[in-house]
């Protein structure tokens with residue numbers, strides 16, 4: 001069976017302008033991620049992992065080269081169209097959870113479906129929160145939840161739009177070991193059951209090892225880690 | 001739409017939406033309440049002044065007016081009355097007396113009321129109806145001169161009348177020129193029967209109008225081009241008369257106050273919007289990662305802003321209406337008249353303020369919010385790419401537009417905008433220097449003082465911005481306090497409680513001692529006696545006035561008519577020498593008439609005094625305070641030039657109400673002396689001034705409260721960062737007093753700097769306002785220099801410490817989690 005390409009990157013270079021002059025963060029990166037794969041991007045701090053993740057998800061525009069998500073070339077799209085593609089294909093999990101503080105757990109999870117105009121947003125959110133074991137915390141606000149609970153809400157929110165690709169930026173970075181384990185389990189379970197492609201930036205070697213591929217980022221360049 | 005609404009309803013819990021709505025409500029309600037209140041005051045002043053005019057508008061004519069004028073008024077559904085005034089002899093048996101008679105229609109007065117009494121020299125009761133045909137009302141003075149009482153008959157020309165009342169006050173008397181003869185009033189229906197008005201008689205005809213403001217304006221537009229030299233259109237608050245000027249100044253003040261309220265509202269909106277945007281940056285970035293497109297976000301914010309506008313404007317209008325009601329009812333106990341109802345048509349101003357505020361302060365920031373990069377979720381330092389200068393420009397333009405809308409002009413808004421911009425630059429420069437100095441004095445130190453001063457420099461830009469806002473608000477408050485104090489002082493000075501309210505004319509030199517004795521016995525305060533000789537200027541530097549100003553050209557006041565001349569060896573009360581030598585052997589001229597006739601020291605005037613010609617050089621120029629109610633003269637001559645002519649003497653007196661009756665009785669032994677009572681008009685002016693003073697104090701209080709709210713909002717806007725720092729310090733083991741001290745020093749320093757700069761700014765602005773807007777002499781305001789820093793330190797510290805009290809009470813962990 002032919003597997004579809006979820007993400008394709010060719011000759012990606014990204015330069016930012018700072019006070020001290022231009023700084024090239026990513027240099028000539030080429031890669032391809034197939035649908036259903038789980039990929040960990042590892043590397044030291046400042047190696048460009050998060051920048052790459054942001055570009056892959058269409059959060060920023062690269063300086064040169066091409067990135068395409070399911071054959072939609074990000075480089076040639078404006079923010080309006082990139083947002084539409086994100087809404088259609090992408091889910092996010094962040095290191096600092098990024099829940100909206102003024103919304104309850106259930107409302108946070110409802111957001112992606114509501115943005116799409118889904119009438120069943122609430123029901124779906126309830127199911128997802130149940131799956132992450134928070135059915136008893138539906139109406140709690142983020143500041144009433146522990147770090148682990150907040151990240152579980154974030155995972156439920158990420159899956160609420162039934163994304164084809166899930167981007168995770170250090171998902172366990174702000175959690176203790178025990179909570180980290182719960183999150184990882186949840187993440188991989190949901191990933192598998194929903195058939196999602198997972199692209200994850202992490203420092204955690206154990207976590208990286210659970211992914212089907214590991215890419216090492218070093219000084220703006222990418223290398224495949226061979227096991 | 002429903003998603004936007006849902007999102008907004010959920011957002012209400014965070015308090016940010018409420019802050020924004022509150023700012024909008026404050027904007028709309030402040031402007032609405034002040035606008036409505038000013039409108040009511042203006043209507044009230046107009047009504048008060050209309051009582052003095054006996055009508056809303058009046059046409060005065062030396063000849064009979066065309067019938068079309070009345071027809072036009074009828075077509076416009078205006079109420080009308082007529083008054084015909086003339087001087088005539090009144091006979092009572094063998095006694096006769098020259099009388100100032102008014103013949104009026106049954107509809108007279110249209111505004112105000114007669115004050116009449118059944119007892120001689122009584123204080124009077126209101127009557128809104130004039131005498132019936134066959135009746136006449138006489139002033140007590142006239143009745144005592146004619147030696148008659150109520151029920152007696154008098155003759156005017158060929159007609160006989162029965163005296164039915166003593167006239168205490170004629171509501172329209174102050175509008176006509178002061179007349180020295182005692183007054184009487186009759187019904188116009190009897191006028192023809194008297195046969196006293198014949199061709200060539202000196203008669204003044206008045207057509208009085210009252211009614212709808214729009215109809216009156218239409219009438220004015222129609223009549224003005226038709227008026228000739230002998231005809232005049234009069235309004236109650238005409239410029240040039242004292243009441244008009246007083247009200248004009250009060251209106252300028254209220255307008256200024258309202259404009260400052262608009263500025264404060266703008267600041268409040270800008271602060272609340274900035275806070276909203278700051279706290280929503282991450283939210284928008286997250287929504288973007290979740291697939292929200294800029295267009296969708298724009299739609300969401302438009303809907304939210306629209307709902308906010310509707311809610312804020314409606315609540316603001318209602319609150320504004322309520323607040324002005326409260327101000328008015330507070331004032332009603334103090335004011336002698338009830339205020340007219342506010343007009344609903346004035347509400348548009350509040351609505352427009354709300355709309356422009358949203359457009360200028362909220363929308364650009366919201367659009368900026370939409371442009372945030374979704375990358376911020378990964379890199380919180382990601383900046384919003386938009387021209388900040390542009391946002392300030394839009395905000396500034398909005399504020400300027402609002403002020404123009406409010407003042408219906410460009411001068412005041414332009415002055416204010418330039419002043420604010422100037423202050424912005426000064427604040428930025430001085431603030432930077434002061435903060436920098438604070439930092440360098442405290443490097444490497446760890447006491448509360450040092451931490452406080454150091455953080456001023458560390459958060460340089462937000463602190464400079466906050467300094468500017470504090471300075472602006474304090475300055476605006478100080479300006480209002482300064483203007484109010486000098487305005488009220490100016491008014492009180494203009495018309496002290498014992499300002500003369502009667503003039504005595506036609507006093508012969510041998511009567512002076514007797515009158516002095518009588519007035520001394522009554523304890524009446526009297527000015528000096530001034531001799532008065534009539535004379536006319538006939539030539540200027542040898543050129544005749546006819547030659548200088550041929551027929552048809554506009555003559556200066558000095559040459560237009562016969563003048564009252566006097567001599568004096570010393571400058572009288574209310575006179576100030578501006579140049580020359582008063583004691584020199586020449587003429588002393590009043591400055592304004594000298595300027596009008598283009599005369600200066602050294603010019604020679606030739607005066608015809610009873611057929612004798614006198615030529616004298618001008619040797620001094622003086623200003624005269626015409627408001628002092630002292631006898632004042634355009635020209636004062638050397639004694640030698642006038643002493644050979646028969647002179648009448650004039651003096652002014654203050655007669656207290658309870659002294660009036662004995663005074664009039666005493667004066668009845670001097671039938672040839674004329675008494676002019678200006679007390680009623682003075683009382684009216686004093687009432688209006690009193691009301692104005694109270695009104696502007698209340699408006700001031702209202703604006704200062706709004707200012708305090710804006711200060712509060714401003715402190716809150718940077719509170720989070722301060723709380724975060726305080727919490728961190730506590731986590732690191734700092735004692736509560738250290739954090740408290742650091743906060744105290746930071747707020748105190750901000751308050752002190754802003755108070756000082758504000759005092760300087762207010763002093764400069766007050767100078768400009770006094771000189772250019774209120775046209776009064778500039779003065780120094782030491783009070784502001786104490787008040788500014790004091791308010792700055794106390795209010796800002798109090799608000800700051802109160803708002804940050806949680807940082808001192810709550811466990812640091814909880815704080816850090818909340819932030």
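Glycine residues also receive a Cβ, built from the backbone N, Cα and C atoms like all the rest.
Ranges compared are B:203-227, B:228-252, B:253-277, B:503-527, and TrEMBL records transmembrane segment for B:253-277. Checking TrEMBL for transmembrane segment across the ranges B:695-715, B:716-736 points to B:695-715. Sequence-distant residue pairs (6 or more apart) of the transmembrane segment (B:253-277) and the transmembrane segment (B:695-715) include at least 3 whose Cβ atoms are under 8 Å, placing the two stretches in contact. Ranking B:297-327, B:415-435, B:742-762 by CB pairs under 8 A with the transmembrane segment (B:388-409) puts B:415-435 at the top.
The list of residues near the transmembrane segment (B:782-803) in space but at least 6 beyond its ends in sequence, with Cβ under 8 angstroms from a Cβ of it, reads 470, 474-475, 477-478, 481-482, 485, 708, 711-712, 715-716, 719, 740, 743-744, 746-748, 750-756, 758-759, 762-763, 766. Segment contact holds for the transmembrane segment (B:415-435) and the transmembrane segment (B:464-483), given three or more CB pairs below 8 angstroms at sequence separation of 6 or more.
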